[in-house]
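Step one of this worksheet: look at the structure below.
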Amino acid sequence: MGDMDPHIFAVAEEAYKQMARDEKNQSIIVSGESGAGKTVSAKYAMRFFATVGGSASDTNIEAKVLASSPIMEAIGNAKTTRNDNSSRFGKYIQIGFDKKYHIIGANMRTYLLEKSRVVFQAEDERNYHIFYQLCASSSLPEFKDLGLTCAEDFFYTSQGGDTSIDGVDDAADFEKTRHAFTLLGVKESHQMTIFRIIAAILHLGNLEIQGERDGEACSVSSEDEHLSSFCSLLGVEHSQMQHWLCHRKLVTTAETLVKSMSLHQVENARNALAKHIYAQLFTWIVQHINVALHSTVRQHSFIGVLDIYGFETFEVNSFEQFCINYANEKLQQQFNSHVFKLEQEEYMKEEISWTLIEFYDNQPCIDLIEAKLGILDLLDEECKVPKGTDQNWAQKLYDRHGASQHFQKPRMSNTSFIILHFADKVEYQSEGFLEKNRDTVYEEQINILKNSKVKMVADLFQEEEAAPAVPVRKGAPRINVRSATPPFKAANKEHRKTVGHQFRNSLRLLMETLNATTPHYVRCIKPNDEKLPFKFDPKRAVQQLRACGVLETIRISAAAFPSRWSYPDFFNRYRVLMNKRDLSKNDKKQICQTLLKDLIKDPDKFQFGRTKIFFRAGQVAYLEKLRADKFRAATIMIQKTVRGWLQRAKYQRLRRAALALQRFARGHLARRWNLRRTRAAIILQKQYRMVRMRRAFLRVRNATLTIQAFARGMFVRRIYHQMLTEHKAAVLQKHVRGWLARLRLRRARARSAQHLKKLNIGMENKVVQLQRKVDEQNKENKLLNEQLSMLTSAHSSEVEKLKKELQQYQQSQRGDGKQLLSLQEEMEQLRMELERAHGEREVMEDSHGKERDLLRKRISDLEEENALLKREKEELNNSILYEFAQNTVEENTQMKKELEEERSRYQNLVKEYASLEQRYDNLRDEITIMKHTPGHRRNPSNQSSLESDSNNPSICTSEVGDTEDVIQQVEEIGMEKAAMDMTLFLKLQKRVRELELERKKLQAQLEKKEQESKKSQARDIPEIRGVLEESCGKRQELESENKKLKNELNELRKAIADHATQNNSCSDVQDSYNLLLNQLKSANEELEVRKEEVLILRSQIMKAAQQKETGKDMVKEKVMNFLSHISPILVETHWLKTEDWGYLNEDGELGLAYQGLKQVARLLEAQLQEQKREHEEEVEALRNEMDLMQEELEKQQQAFLQSLQLSPEAKVDFGLQQEITRLTNENLLFLGLMLGVFLTVSSVFQDLKELLEKLEKNEKKLKKQLKIYRKKVQDFEGDLCEWRSREGNMQMAVQRKEKDFQGMLEYCKEDEPRLIRNLITDLKPQAVSATVPCLPAYILYMCIRHADYINDDQKLNSLLTSTINGLKKVLKKHHNDFEMTSFWLANTCRLLHCLKQYSGEECFMTQNTAKQNEHCLQNFDLVEYRHAFSQLSIQIYQQLINVAETILHPMIVSAVLEDESIPGLSSVKPLGYRKYSSNSAEGDNNSYTLDEMIHQLNTFHSIMCDQGLDPEIIQQVFKQLFYMINAVTLNNLLLRKDVCSWNTGMQLRFNISQLEEWLRGKNLQQSGAAKTLEPLIQAAQLLQLKKKTSEDANAICSLCTSLMTQQIVKILNLYTPVNEFEERVTVTFIRNIQVNLKERNDPPQLLLDFKHVFPVQFPYNPSAITLDSIHLPASLKLDFLNKV
């Protein structure tokens, strides 16, 4: 646990272990300011002891110890302005342990309860928690008799204002308090009495005291309900209490007088009585807690936990704060005495090497308070004076201690005094000191309480000669602990000793207890003074650390020896670690010294004193581990032997038993042999008989089944024939019976017709009526059935005919009866059919109507239910989605915020550490300078540096650069070697290297394409054949070029041989020199041509591969053919290279050849990176366009929704306003585009101009070098003769094979300062601008890798330490240079990435190649150095931000706010104001335009990109810079009235759009820089919006979401009309805005903090460059490094 972060459990564990190990009593002193967390820390410490040292019996004493905390917090804690749960008393809890270190009991002592809080609370403070808990639970049935209501109704609980605490449930806390009382054994009756006393105190505070005779006398009404409640709750007489509350008794020698008291005196007496009652109740509860925690078991040792009030300072500080701060002074003195004085005296006594540490001693301040004639003595003396006053006491303090350095008198007060405490300077008001020190309570009131009917109330105020003592057994603790609470005496004696005197004595007893134990300190640091979570004030924390001596403690702990052993104790405990030879010696001191030298190799970890051995932190734990390991090994050996013996004995018993069983079993089996043989025979017979019988059974069964089948078939067929016959008979019967039935029916109808003829004579009229009915029914039936209508009409026509015939027949004569009968029958039949059809129609219509109504009703019900379900479903889905999205967003926002705050806090600590370290370096440098050169001083700097790398190395090569390198080599090695090997180097070596590199890249691409896809191969055969033909042509050209190079080489050799044999004049030398220059020039041209050819060939192959994903096998065949054709060229070239190897490597030209190869590789890699970057830029541009369109769509939707909520007139105005804004944005965008085009053309022209200047400069340089060569040629002429004489004696050069470069650089230890100087201190960024980005980082890592390879830890540590120190020095020197800071930030980050990439950890090796994995570190783990480089990176990043902000800050206001980029707006000015410029006082030369600021941003961006800084870090840099631009501009806008106008808003919006366009042009949209400008954009829109109606106010509130309420109101107040047509913003409109924004919880802050720095993140970016491909340029002067 000691290795983890500081925790209260670690301190408790250390105290518990020391008590068990050293058998000494321990104390844990929890200290700190009010609200720092002392009470909670003490509770956690007791919880630890209760868990670790739980009771061994069933007494549950540890639960009782923990249960005392809720009770003491309820009756002793209250809310203050500093803390919501502030302890208003001090307590020392003494937890007792037995010999087995189990908790057996506890004891509690309290100090100075703040009684004045019972009757008075300051603003925003509360009384003790128990009052509010009881009021919150007043509705319970058992508390109905108390007469309580809410806390706001009582004077003693409502003086502070708000009676509640956020997040605290007083009713729930009251239940916990009652449960704790029950757990500690307090009876239910006693609990109710306690609550009655507390309620009585509340009623006492609400007494209405009525003044009489101008306040000289007063009285309390007998009908006062609060007085009645007070008397009934405490069980005292109503009349006596009413009388003595307003009168007091004066006792003289002659008589006793009763005198009335004034209104002020009565109120003071009432308050004094309330405080005394609560104090006595507090003492009674503490005593009963101690009785409950007491144990009769013998106490072996104890651990005390001191939780005392912290240092306090309020606006009004009185007697309580004085005593509290006095107690903290005593505790601080004890801390100093233990940590500093006693510790250092012990070191001096033991005569060990030690340097004394100075520390702050607060003894003078304590003497000022408690010494003779100190503040307390003068206070007691003034209390004894009959008419002593606070003013007289204050005057005595001024006279007595005015000259003390810890005492001051305020300038504007004669009743206050200031004491300089160890933590802070506190001003005390002397008013009330004498009254609180006397603590006067009238005897008459106490006598009334003594006579109470309630036994517990009477016992509280009875006389006691001494406090109840707890019995102590023999051999109990070595410390005689006395009670800190003075014994309660009679009323006339208890106030002889003042409160200050009692408190001083209790502190003295506490100091004796603490000094007799081993103290452990817990320093609680208060993060802020606002009681806010997740807010840390560093200055406030440092102030507390410095005040409580923690900084000095850290110093002494780092250099001190916290653990110590006497020689005998050490010998007895660790003798198990000694060998027999050492134990045979008699000198124990010598034995201990020998043992420690063998076990602890570092002699600085311990020291030998005269009688003790001193250890540094952690060493005793190490020895304990060795001792435990020794015991564990011995235990394991004993266990192993015993367990082996037991297992062997068990095995032997089992073996003997197994042998016996086998013996008996085998004998039994032998006896049963005959039985087995007989049984086998029986089984064989059984099986044979079974088979025979089964076969017979199967034959009978098959025959039976056959017979059954035929018989059943016969029976079924018989049944079928019978059924068929019966069916035919049934059919005949059916037809016969039908015919008979029809015959009977006809006869019945004939009989019915004749009968009707006789009965109905006047049938004609009935026939007419029936005819009418038939017509009506026919009309109705036409709609239902067309056929029925046709039949009805036919029948009606027939009826008409019959009617006419009937009429004719009646007129002429009566016709035949038979004819009439037939007609009547037909009519009757037709009538019946019509009636049946009509009935069926009605039934069908009714049923149809009912079904239709039911269906319609059902459909409507289903539709309504479906709609309701849909609405509910949509509402539920929307609510779920909204809640889920809101919760997710809130959780993500909270986590990001916590992460950012934690990262910001860590980086601030790093920054503070760097500043302190820098300050220390500066002081050390100044001291050194003062000693040696007093007249010279260095400018201090608080900056440090670090670097990063880039995955996209931008490598530039040029013909001029190559030529310069070649010419430089010529100067170094001489003209004779350059003339022979220059053309060969430029034409052969680079060409071979290029072809090898191209082959490797093609092979890698081929393998990648084979893995991706294996689809159709024949689609692109023509294209691939074309590429193959082009490749063959290129191959032929390369072969011809190779032959041409061979011929030129032979010609060159022949020319050199001819020159060597002939003795020519100076003209011949001049010709050879010219030939050399021509060959050099032609070689450069050929090099460029070959580079272009390789690039063209590569681009064609890549194009074919990108267009189609198919045909990979054809590509493979083509590439293999190409490689097979090129291989002869490579062989021939290699032969040439081998043949002339001696010439190439003879004088160091091989390095130059390697550089040329690298330049070609860089060019190819740059082309690849450029293509990749262009593709990513196109994709990013498309995404940005989509985002912009999406944002525009959202804005339009938001505007549409806003317009729907407005009135018709407001809609028209809003629409016009939106249209004006749209047109304005389009015009601004057009102007921005035109300006961008102009800037682009200007930048191109500027680039061309710079290129021209560079070419001219190179030309001049070449001319100068040409003159140097001419001079060297003249020198060459003199040496020519000597060269010819040596030619005959020349021998063949021995060719040396080059070893493979493993990516390591070796150097001597003596060259380390030279390496740091050349690579860091004196290095300029321009010196490595044409090489691999972050080249110094790669070189340093290769040196680190070599130190790891040879396993030299000292060399490795020295190199890394020197690197860090060198980086700090160079950045301290160039603390204002942006380019230098950016350069080393890139290199430091790249070195950090290399340490991660090659660390061997799997999480960092996912993107490594096989070659890169071979370069990993093998012997050392550099995690700590990685952490150091990470901190250094943060410091360099902060320095980079500071430098950039220093450059940009003067430009911001004039460029963004005052620059008038839009024509036409400059002539319009606000009415009544002249144009104001922030730079007018400085002159026009210091004003900047927006173009200049953008140019500066371009400069920053190009510098960081060129130096290979990570893109993520670049984005964070510009996010920080744009935040500063936003903050500075917005702050200036809020402070200037002349710029708050519509024109400024238009101009500001245009300038912001230019900055956003610049971000899009640099692909920095994802950096979050544009989001930081959102407040400024909304401020510009606020200036342009309409500001009249309530709809405008709502639109402003919904739009300005990033601006705070105060900022919106400030801009509206400062808004100035441009012309007479525009009006100022009315006060009503501003108030409407404030009402709408009232729900926001914005901080009360107007201006933005432009110094705020976002926490930086360094993402891991591995490099694709292998170490063996790194080239060391000669310009770095690192020739002392050897490649390995």
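Cβ from N, Cα, C; glycine included.
Among the features that TrEMBL reports, domain 'Myosin motor' is placed at 1-628.
Taken from TrEMBL, the feature ATP binding site covers G32, E33, S34, G35, A36, G37, K38, T39.
The list of residues near the region 'Actin-binding' (507-529) in space but at least 6 beyond its ends in sequence, with Cβ under 8 angstroms from a Cβ of it, reads 8, 11, 14-15, 18, 22, 24-38, 41, 45, 82, 92, 109, 111, 304, 306, 310, 326-327, 330, 334-335, 337-339, 478-479, 481-482, 484, 535-537, 540-541, 544-545, 548, 550. The region 'Actin-binding' annotation in TrEMBL covers 507-529.
The compositional bias 'Polar residues' annotation in TrEMBL covers 940-957.
The domain 'Dilute' annotation in TrEMBL covers 1361-1639.
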| note | Ranked by how many other Cβ atoms lie within 10 Å of their Cβ, the binding-site residues S34, T39 are led by T39
| What are the non-local neighbours of E33 (ATP binding site), defined as same-chain residues 6+ apart in sequence with CB under 8 A from its CB? | R82, G310, F311, E312, A423, C524, K526, Q544
| request: Let me know the model's mean pLDDT on the region 'Actin-binding' (507-529). | output: 87
| query | So how many other Cβ atoms are close to G35 (ATP binding site), meaning within 10 Å of its Cβ? | reply | 22
| query | When a 10 Å sphere is centred on the Cβ of K38 (ATP binding site), how many other Cβ atoms does it contain? | reply | 25
| said: DSSP-wise, what's the residue breakdown of the region 'Actin-binding' (507-529) into helix, strand and coil? | reply: 9 helix, 7 strand, 7 coil
| Cβ neighbours within the same chain of G37 (ATP binding site) - under 8 Å, at least six residues apart | C524, K526
